[in-house]
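Asks: I am attaching a structure below and will ask some questions about it afterwards.
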Amino acid sequence: MSVLGQAARITQNQSSIYITFDDGPHPSVTPAVCEILREHSALATFFQIGRFAKEYPSISRQCQLDGHAIGNHTFDHPNLQDRAGEEVEYQISSAQKCLEHICGRGFVRHFRAPYGAWSTQILNVVNKIGLRPVSWSVDPRDWEAPRIENLINEILDNARPGSIILLHDGCPPDEAAMWDVRGGRAQTLAALRYVVPALQARGFALQPLP
């Protein structure tokens, strides 16, 4: 399935599910996510904000060393639908240069638009840079800090072969004031500890995006 040209579900491998994390890297959350995944030999994809990757390059490198994929999530996380063409290109290309400097040329192959806000202009830039646009098919809205059991149920009730699950290991720069109010992704980490083995028990392999 795709929406405006971006992948929302992967159909090639029916035994896999793809957990993705937006808005990192974050110094307290991203390493904790990696530790949970490592404990279960699970892999994921991290859509990282360029300015945070520049600030915490060692975390991005560790994600890469652990076998995870890293995707482009712009440099500052603006809503690109509201921006002129030059700003759209700057946000995507600047993040790409930053991430390639950390991870190596050719490693970052996917792009996700902030807020899932796509346009033909955005897709044109993404295609020009050579990235694959990616959306999601399961969104438990963990950024709203729901109850842990609700977060778990939303993921497990909607997970299907090829599902792309959206979670967050950070927050956009302009939403930092809400970080502590919303629990600093504590609910996401708690849910992840349950969801990862539960999905594996159903026979799914948790893989990075192809």
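Note that the numbers count up from 1, one per residue, in the order the chain is shown.
Cβ atoms are placed via backbone N, Cα and C, with glycine included.
Feature list, courtesy of Swiss-Prot:
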type	residues	note
ACT_SITE	ASP22	active site, proton acceptor
BINDING	HIS73, HIS77	divalent metal cation binding site
DOMAIN	15-207	domain 'NodB homology'
SITE	ASP142	site 'Raises pKa of active site His'
Asks: Between C-alpha atoms, which of these recorded positions comes nearest to ASP142 (site 'Raises pKa of active site His'): ASP22, HIS73, HIS77?
Replies: ASP22
Asks: Would you mind checking how many other C-beta atoms are within 10 angstroms of the C-beta on HIS77 (divalent metal cation binding site)?
Replies: 24
Asks: What is the separation, in Å, between the Cα atoms of the residue listed as 'active site, proton acceptor' and HIS77 (divalent metal cation binding site)?
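Replies: That separation, Cα to Cα, works out to 10 Å.
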Asks: Please give me the CB contact count at 10 A for ASP142 (site 'Raises pKa of active site His'), counting all chains in the structure.
Replies: 27
Asks: Across the domain 'NodB homology' (15-207), what is the average pLDDT of the model, as a whole number?
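Replies: Averaged over the domain 'NodB homology' (15-207), the predicted model reaches a pLDDT of 96.
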Asks: Among the recorded positions ASP22, HIS73, which residue has the fewest other Cβ atoms within 10 Å of its own Cβ?
Replies: ASP22
